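Some features that Swiss-Prot has for this protein:
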MOD_RES   Lys27  N6-acetyllysine
REPEAT    67-106  repeat 'HEAT 1'
REPEAT    146-184  repeat 'HEAT 2'
REPEAT    191-229  repeat 'HEAT 3'
REPEAT    230-264  repeat 'HEAT 4'
REPEAT    278-314  repeat 'HEAT 5'
REPEAT    370-406  repeat 'HEAT 6'
REPEAT    407-445  repeat 'HEAT 7'
REPEAT    447-485  repeat 'HEAT 8'
CROSSLNK  Lys792  SUMO2 cross-link
CROSSLNK  Lys792  SUMO1 cross-link
Amino acid sequence: MAAHLKKRVYEEFTKVVQQQQEEIATKKLRLTKPSKSAALHIDLCKATSPADALQYLLQFARKPVEAESVEGVVRILLEHYYKENDPSVRLKIASLLGLLSKTAGFSPDCIMDDAINILQNEKSHQVLAQLLDTLLAIGSKLPENQATQVRLVDVACKHLTDTSHGVRNKCLQLLGNLGSLEKSVTKDTEGSAARDVQKIIGDHFSDQDPRVRTAAIKAMLQLHERGLKLHQTIYNQACKLLSDDYEQVRSAAVQLIWVVSQLYPESIVPIPSSNEEIRLVDDAFGKICHMVSDGSWVVRVQAAKLLGSMEQVSSHFLEQTLDKKLMSDLRRKRTAHERAKELYSSGEFSSGRKWGDDAPKEEIDTGAVNLIESGACGAFVHGLEDEMYEVRIAAVEALCMLAQSSPSFAEKCLDFLVDMFNDEIEEVRLQSIHTMRKISNNITLREDQLDTVLAVLEDSSRDIREALHELLCCTNVSTKEGIHLALVELLKNLTKYPTDRDSIWKCLKFLGSRHPTLVLPLVPELLSTHPFFDTAEPDMDDPAYIAVLVLIFNAAKTCPTMPALFSDHTLRHYAYLRDSLSHLVPALRLPGRKLVSSTVPSNITPHEDPSQQFLQQSLERVYSVQHLDPQGAQELLEFTIRDLQRLGELQSELAGVADFSATYLQCQLLLIKALQEKLWNVAAPLYLKQSDLASAAAKQIMEETYKMEFMYSGVENKQVVIIQHMRLQAKALQLIVTARTTRGVDPLFGMCEKFLQEVDFFQRCFIADLPHLQDSFVDKLLDLMPRLMASKPVEVIKILQTMLRQSTFLHLPLPEQIHKASATIIEPAGESDNPLRFTSGLVVALDVDATLEHVQDPQNTVKVQVLYPDGQAQMIHPKPADFRNPGPGRHRLLTQVYLSHTAWTEPCQVEVRLLLAYNSGARIPKSPWLEGSEMSPQVETSIEGTIPFSKPVKVYIMPKPARR
């Protein structure tokens, strides 16, 4: 019995010792991490001079500090702060305290008392300002702690009387960021505190230092951004600052006046030295208009930009901005009848041609002039004639915004916008054209205005010309002479710049469809028809003749009497153009002929609900594929893929979703075919052909998943997870095929290890989405991960093969809006049989013009590939300036590709195509573990692969041997 008790005692003692060993091991693991505070303390103690201490602090600032080490580091810094006499070192310590208080996971309320205490005893103004900045960082980190906010506001108020402008600036900044907001509170103290903050800040509008005045205005604007409603009394204070000597103050005051005018637009304010009253928004509009003539171009730009957002202004004040002569000698202008009546009633004698023209008049008191009229008068005229092009651009943008909200103002500002088409700066001309296009629905061009607009077609800039073509597409013309003038000028443009052909044809298409009644009387002249004589048939290869036909045919679509004027050859030309240029020539009901329909039958009308319902039903039906036998599953997938592809052809609005779903089902079909039992039941050497089939299927699945991930815009994270999961299955299939055809075990170790690393990487990147992947391939892999890590390659391959067959078909959630990226190469057309000749060894420039649809970040992803007959491939990276953005989801690529090669004996064709570069690492969501890992910054910008997304164009070239 005693021996048994002794044995039990030893057993219990042994268990206790094991627990102690675990604790000791844990402590050792923690102690391996060096202490930041201890290292900093040792460095500061080693410093023999303030310069050394400052150097150590600068080195420490470059190293990251963990949240659990921040408090110890702060204590060391504060301890050294009290000992330090040099202000530069104290300044750096104060800066470090502010940086450390922003550390994620650290609550800075424990250092606030120390920061306030050292603030009370500090004498250096620079250190004071830095300490206030630290307190601002602490207060911003603790927004819910009202007591802390109030305490910091009190500290800021006490130091507002400091003689240094930097300290006062920081105090005002702290008040603007931490001042209490007005809410539904019951205590009067909180409401009064909010009002006091505004009053305290407003008192510093008249500070002697302009930097403090600017900081006070910005603090008031910060209160507004945080949700505090500013008082109307601030308006008068801000108006006085418009005449300040410093541009920073005037610029901030303009912004504050705009804010108050948006808060109290309908409030009534008196006009100085007058019995009249006016709406506050009108008064503010006049004052901001006055600042368009400010001496500083920065203030003028800001004033012009703010004018565009003041849509509540009265129409008569708005119209004053376009008339310089509204004020006569800074007086209110009276009508001619009133002036004549006053002259005759005065009885003044005149020796000149005009009655009373030399009569004495009272001296004008410029200080008593009504500021509203003198401010708003001609503001936009001054802005559009400014010497700085930035001001002119801002004025044009403001005109656009106001004209969009007021059709009457749009008509009145039309002349001024048309005049801006002749500006010396290309950017201003381009902005003016874009502005007119935005307001084109509210205006109709007169002939003189149209003449000025069409003169821009001679501009050497392609961007200007194409922007003008876009403008003419949506412009209303008043007369048939205007249509004829536009056609003549566009044909001149076509002759001078043949590369504008497609843009001009598109312009004439919309010009004809918008003005059918104006085109009708011009048809006999344009087609050169005669009532009695047959005229010669024009050349169908002439781009100018095609342009005329495009104009006429689009006008005939809504004008049923026009086809009767067509001759026989015109009808033949219509049939030809309807086939070759169907996107420019509409379907017409011609006499004696059937309606030429489009590719979509007329009885099919796009209804979103039935098509969407059919799409959903097809996908729901196919997700039951795992319950069918392999042959039935393959047939169901094939039929569904065919239906989805046809649906995408018929319904353009569902093309992206249908193609996306069909591609995913195609990947699943390839996987099912590759996993058929007959391929794997016999030894691999007897089925090399089937192994090649499985390897090709894995490769194709990889390519299709990259297309799904990077060729479609609107793909969300939940779709990326499913796509990456499918790619992981393809990699597993590739590993299985490689293992069956590889001799020896050694090469498999590296491949299996790499695959398991990819599985682990997938888990870490998409850990939040793993619950949605139950019973999937990766879910079963993760369950067996410890076993896989310890298994031999042969066992790993067997497990992968079993899990691939048993994995379920994952449901792919469809995004709300998804579009497939596409590109069309316009130039080179690839139709010419004349080779492009150049000397071998030198280069020749090939112009490339392409339209891009639904491409994300084209500046970094779109590449141009040139494939030579000998197999050489050249990839060109277009410059960011080569891309244009004509509309949402659309881009235009205009670039030059330089070709070079050795001498050839005869001309051959090179292929030009557009590629979409991708990097799968850039789409992976950022995880905390990834941020801490040491990853190369080049991974984000490197190119992992490319996807062709345009049809190749073949160009004849002929490198000639150099002459000797």
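Each residue's number is its place along the chain shown, starting with 1.
Backbone N, Cα and C atoms are what each Cβ position is placed from, and that goes for glycine too.
Among residues of the same chain six or more beyond the repeat 'HEAT 4' (230-264), those with a C-beta under 8 A of the stretch's C-beta atoms are 195, 198, 202, 205, 210-211, 213-214, 217-218, 220-221, 223-224, 280-281, 283-285, 287-288, 290-291, 294-296, 298-299, 302-303, 306, 309-310. Here the repeat 'HEAT 5' (278-314) sits against the repeat 'HEAT 6' (370-406); at least 3 CB pairs are under 8 Å, leaving out pairs fewer than 6 apart in sequence. Averaged over the repeat 'HEAT 1' (67-106), the predicted model has a pLDDT of 79. Note on the repeat 'HEAT 2' (146-184): residues 109, 112, 116, 119, 125-126, 128-129, 132-133, 135-136, 138-140, 190-191, 193-195, 197-198, 200-201, 204, 207, 209, 211-212, 215-216, 218-223, 226-229 of its chain, located 6 or more positions outside it, place their CB under 8 angstroms from a CB of the stretch.
Sequence-distant contacts of the repeat 'HEAT 6' (370-406), counting only residues of its own chain at least 6 positions beyond either end whose CB sits under 8 Å from a CB of the stretch, comprise 271-272, 274, 278, 282-283, 285-290, 292-293, 297, 300-301, 304-311, 315, 317-318, 320-324, 326-327, 330, 332, 413, 416-417, 419-420, 423, 425, 427-428, 431-432, 434-435, 438-439, 442. In the structure as shown, the Cβ atom of Lys792 (SUMO2 cross-link) sits within 10 Å of 12 other Cβ atoms.
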